[in-house]
Amino acid sequence: MIVIKAGGRVIKNNLDGIIESLSNVGEQAIFVHGGGDQVTETSKKLGIEPVFVTSPEGIRSRYTSKEELEVFIMVMSLISRQIVSKLAYKKKVISLTGADGNSVIAERKKKIIIIDERGRKRIVDGGYTGKIKKVDSLVISDLLKSFDLLVFAPLAYDPEEKTLLNVDGDQMAFAIATAMKADTLILLTDVEGVLVDGKVINKLTSKEAKELSKRIGPGMNRKLLMAGETIENGVKKVIISSGLVQDPISNALQLRGTVIM
């Protein structure tokens, strides 16, 4: 069983290619998708100006207000349905959020630390973003008895506050892959792999991935850190590869990109 995650830029620029590639996967799979660019576009059309914040580590992320959460749910649900409708002729596929069967549980971030426009640290309300606390592998295993492909939007469920939460798509993919002890986790990005001095690093051990995460830019550093931890927790390999090429999943399974084992 494999877990595949495609980031928002990949979804925006190569959704049809991703769908075609998913149709050719010959084993059971779980697909986690992003869609941040589409959320931003839709928010602006609705007159809601998106807000982004920067963490002390330099990571820029969406600030999810209650109003923005509603747009996020709407857009992510649309993307999920587009994927399902174009694959249903060939595969038994279902779209899900973490609220379905309480499959992915998260806790709302009550407070977050940001760097303001003056470069100072500030503590602000966390909005409707969450940190994943639990993946119910039994629920997901039962679903895989009936379906070939599960499509997850990056929305987890907070049972305490009875709400869906925006969660990091990478975090969701890593959490699901770890809980399911997946053979392979594929991260499809807008680059060919982990780049150092303009060249793709082909292979890394889990230890090397965690070490390199301290010396590489925001975004990829978290992927490498989580990849190292995921390998140590039972996933056989993590592949970071381009989602913009033809048949990107097959391309990744041919170990083109960066392979962490």
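Using N, Cα and C of the backbone, Cβ positions are placed for all residues, glycine too.
Annotation comment: Swiss-Prot describes Gly35, Gly36, Arg62, Asn166 as substrate binding site, evidence class sequence analysis. The Cβ of Gly35 (substrate binding site) has Gly8, Ile11, Lys12, Val75, Met76, Ile79, Ala153, Pro154 as same-chain neighbours under 8 Å, each 6 or more residues away in sequence.
Within 10 Å of the C-beta of Lys5 (site 'Transition state stabilizer') we count 27 further C-beta atoms, all protein chains included. The site 'Transition state stabilizer' annotation in Swiss-Prot covers Lys5 (among others).
Annotation comment: Swiss-Prot describes Lys223 (among others) as site 'Transition state stabilizer'. Neighbour density for Lys223 (site 'Transition state stabilizer'): within 10 A of its CB lie 24 other CB atoms from the protein chains shown. In the three-state DSSP classification, Lys223 (site 'Transition state stabilizer') falls within a helix.
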Exercise. If you measure Arg62 (substrate binding site) to Lys223 (site 'Transition state stabilizer') at Cα, how many Å is it?
Worked result: 18
Seminar exercise, completed: Apart from the site residues Gly35, Gly36, Arg62, Asn166, the 8 Å Cβ neighbourhood of the substrate centroid comprises Gly8, Gly34, Val39, Thr40, Thr64, Phe72, Met76, Pro154
Problem set entry | Extent of the substrate binding site in Å [max Cα distance among Gly35, Gly36, Arg62, Asn166] | 12
Exercise. Cα of Asn166 (substrate binding site) to Cα of Lys5 (site 'Transition state stabilizer'): how many Å, rounded?
Worked result: 16
For this session: For Gly36 (substrate binding site), name the DSSP secondary structure in the helix/strand/coil scheme.
Result: helix
